[in-house]
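Peer 1: Reproduced below are the annotations present in TrEMBL:
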type: DOMAIN; residues: 218-413; note: domain 'FtsK'
type: BINDING; residues: GLY239, PRO240, THR241, GLY242, GLY243, GLY244, LYS245, THR246; note: ATP binding site
type: REGION; residues: 518-538; note: region 'Disordered'
type: COMPBIAS; residues: 521-533; note: compositional bias 'Polar residues'
Amino acid sequence: MLAKLHGYRVLLVAAAALLVMVDVLRHRAHRWSQMLESVVRQGTGHLPTKIVVSFSPGWRVIRRARITLHRGTVIRPKQFEELSRTIEAAFPATAQSETKVRHVAHRDRIVITRESITPDTRSARQRTLQSALDAASMFTDPRVSMNAGARGFQLKVEEALASLAGQHESGRNWTTDWYPDQGYLVMRLVTAMPSRVDHPLALVDENLRHLPYATGAADRIMYWDVSTSSNKPHCLIVGPTGGGKTSVIRTLLTEAARRGVPFVGVDPKMIELDGLEGYPGCGAIIYDALRAAMFVRALHTEMMARNAYIHQMKIEGAQLPLMIAVLDEFFILSGKWQRLAKTGDDETRAQLKELDPLGAWADLAVLARSAGIRLLLGVQRPDASLFGGASGNARDNFGTRISLGNLSQDGALMMWGDSTVGREVDTSVKGRGIALGDDGNPVDAQMWWTPNVDRHPNKWNQLAEREQAIIDGLLPTEAPQFTCYSRELASFIESERALATRARRHGRAPEPIVIGATATDGDTSAESPTVNGAPTGGDDFSDVIPASAVEAGQTVLVDDDHGELVPVTVDSVDVRCGATGDVVETVLTVGAGRVKTRITFDATGGVVLPEPDLVAAST
């Protein structure tokens, strides 16, 4: 018998080894069952009715187990979270697999499985963003809410996401598209805005009623739609001194000329738009404040004549030829009108009262659209009272809005309806600003550079060949013609052209006076020559701002008893607003000691500054 069994010794040894292995696995499964029972009882307070560990259970880690609980057993989320962490710690993950714990509540079961780890193909940037979201450091409660639609909240989240994502290898920038109604947002890469864009010589937009002026993010072309169907017919440009406002105006006007739209300009500083005088499509450039008031009234008459023509001929407004009226540095112009109304001679005051340029301007801002007249306004800071009424009306009337440099909080609210937009513009880049897109949302934009088109040798010879090539390339092949429907505007343009021609032929500016000083052997006495030059005009002051924008402690110029401008320091400012929040009256208190003087300004009142307004540039 033994000899017979000896012949099967190999099989018997294999069978014995198999039985031993099975018994060891059964023993390990039994021990794991006991461990799981203890863990469940301590973690949840419930005793399992049955624990089944699958065969084979694995050598060091469990492969699959099913824990059956009493019917209706309730396990709180925190209890289940602690139970899961304990089981996962008992059977730690490896490079290939990890332990998963699931609670099948409708079957009163806890299922433990060993699953293969799916390779993480996400980039380090994606993992960083996901970790920030999982840690709830950015979204404390990530769900769709009213905050998700607030622009201020969105800007904070966009800044945080862009910071976490870091600079992309391609050099492109991150932008975020929000879909709060669907509960998600999309981060995507867009081409970085260039630091300078020269005015393209080719027609960027084939629509002749679209006047392009800037390049936005993702090479988006920003334009001013001057068509009759446009809901943004008038343009407002806000920017501090040296911010590039004049270049944007030149860009728009040269684009208008090459697309067949003529224009007339008002330049109270006499140095901003003078280069456009004589340019194809330019009717005239007005410098004198009283002549500017006459122009605004003539433009108002033209608007009424055009509306009457449309009514009589039963035609559409789109059939009338377009024209653009440009008023640069409107605050200075308004300040000059107010000063003339106070200190001018009787004839000037009566004429200015009859012209009522501010009243005519308010009508134009509201009614000029249907008559084919487009307004282009340049100011250093926004103020609702000078744009045709309340701040809401100003935003509605001037639908195309551009801001250069950083705005104040009130200026941002007036321009964009949001006190956070346009306050963090990179002012180190010339021409960088905010523009209103065709979808109605403000976007970052790089304004096109258009050099001064003046061909006077003193200016032309200072331009580089590239800049001269831009001017030559923008010159229209055929000059746009003016079509006037009122004799007043036609006569005014003809007379202004005649005055400009006479000024060029016979005008003479006084020679500059050089005041020098010599110092020899310690003698520091200055030698001043006798001055026989012509005095400067009394109304040529540096800048004008709304009275409501004056701050306590600021120095302004006011008229004394002799009608001369004298500097005073404002002690206090009292601004009274109406029920809608618009400025109704402003009272400035000036003087020193016990003697105080109260100066009252209406809603459109402005004050003269002794030097250019640089508040907007440093805000």
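Cβ coordinates come from backbone N, Cα and C, glycine included.
Caution: TrEMBL annotation is automatic and unverified by curators.
On a predicted model such as this, the values are computed, not experimentally measured, just so you know.
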Peer 1: List, in sequence order, the same-chain residues at least six positions removed whose CB sits under 8 Å from that of THR246 (ATP binding site)?
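Peer 2: GLU272, LEU273, ASP328, GLY378 - these are the non-local Cβ neighbours of THR246 (ATP binding site), listed in sequence order.
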Peer 1: Counting every protein chain present, what is the number of Cβ atoms, excluding its own, within 10 Å of the Cβ of GLY243 (ATP binding site)?
Peer 2: 25
Peer 1: To test your reading of the ATP site: which residues beyond GLY239, PRO240, THR241, GLY242, GLY243, GLY244, LYS245, THR246, same chain only, put their Cβ within 8 Å of the Cβ centroid of those residues?
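Peer 2: Once GLY239, PRO240, THR241, GLY242, GLY243, GLY244, LYS245, THR246 are set aside, the remaining close residues are GLN380, LEU404, GLY405.
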Peer 1: Based on Cβ atoms within 10 Å, give me the single least packed residue among the binding-site residues GLY239, PRO240, GLY242, GLY244.
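Peer 2: The binding-site residues GLY239, PRO240, GLY242, GLY244 were compared, and GLY242 has the fewest Cβ atoms within 10 Å.
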Peer 1: For LYS245 (ATP binding site), just count the other CB atoms lying within 10 A of its CB, please.
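Peer 2: That number is 26.
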Peer 1: Find the average pLDDT over the domain 'FtsK' (218-413) in the predicted model and report it.
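Peer 2: Averaged over the domain 'FtsK' (218-413), per-residue pLDDT gives 89.
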Peer 1: Within 10 Å of the Cβ of THR241 (ATP binding site), how many other Cβ atoms can be counted across all chains shown?
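Peer 2: Its Cβ shell of radius 10 Å holds 16 other Cβ atoms.
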Peer 1: What kind of secondary structure is GLY243 (ATP binding site) part of, going by DSSP in three states?
Peer 2: coil
